[in-house]
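Take a look at the structure below.
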Amino acid sequence: MKRIALFLLTNVAVVVVLGIVASLLGVNRYLTANGLNLGALLGFAFIMGFGGAIISLLMSKPIAKMSMGVTIINAPRNGDEAWIVETVRAFSEKAGIQMPEVGIYEGEPNAFATGAFKNSALVAVSTGLLQGMTREEVEAVIGHEVAHVANGDMVTMALIQGVMNTFVVFLSRVIGYAVDSFLRRNDENSSGPGIGYMITTIVLDIVLGFLAAIIVAWFSRQREFRADAGAAQLMGRKQPMINALHRLGGMRPGAMPQSLQAMGITGNIGKLFSSHPPIEERVAALQNSQSA
């Protein structure tokens, strides 16, 4: 479960930076030239919101490789690497997607999938996962990650993040305009947004961005149930995924950046912000599902 640090932090950072650049370019003066132009602001918020989410999505794979120290398996160096590649290949063919890049990285038990497009994704597993699980359990985890790719979860989460970003940008500027107008209510010579507007919007972009992450995390948890069921379907039976979840429940999962946590296999953060449901809920959902 690896994602309450990178996609979110990258996304918030991109939105804040774009907001500052827009201020420096005078966009805010245009929006407030004759009072707050709500129509123009909504269009601006839409561009900013989805722009931040799309940039984060496009950056997801290179950031994952760099931040996790992933080694791409182009030519397997041992039996484990050859088995991982062939397992990903078999599941990809069964799921109807092109073969993702396959990687391995040093770390405690975990795995993740990422990438902007389902036919050019990355699936990576940790050395700790290979050492701490049976092959059948690792196979189930790989199936879970391939299911994420086949379900288009990265794009889905980016679209949800884009909607939330739009609300964040819109609300922060409406509130910023109100605060700035109040602070300068006795200044008849003022024109355009002041320092109160800029400070308020930057602070609210960050604060509201983290509140929006709670909603994004809820959607992410629902995608995890689907990926668990997808792994069971790819393997033709659900017990290996259930066994893998039980095993992970007794392990200490490896830490991952936030942008990867929603596409990982387990997590270790507060429930509201957690991108993954509790292990016991996932096991119960899988046991009660119609998969395999």
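Note that Cβ sites are derived from N, Cα and C of the backbone, with glycine treated the same way.
Record features (Swiss-Prot):
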- 4-24: transmembrane segment (TRANSMEM)
- 38-58: transmembrane segment (TRANSMEM)
- His144, His148, Glu224: Zn(2+) binding site (BINDING)
- Glu145: active site (ACT_SITE)
- 152-172: transmembrane segment (TRANSMEM)
- 199-219: transmembrane segment (TRANSMEM)
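Within 10 Å of the C-beta atom of His148 (Zn(2+) binding site) sit 30 other C-beta atoms, taking all shown protein chains into account.
Same-chain neighbours of the transmembrane segment (152-172): 7, 11, 15, 19, 41-42, 44-46, 48-50, 52-54, 56-57, 60, 113-118, 121, 200-201, 204-205, 208-209, 212-213, 215-216, 219-220, 223, 226-227, 262-263, counting only residues six or more beyond its ends whose CB sits under 8 Å from a CB of the stretch. The number of other Cβ atoms within 10 Å of the Cβ belonging to the residue listed as 'active site', over all protein chains shown, comes to 28.
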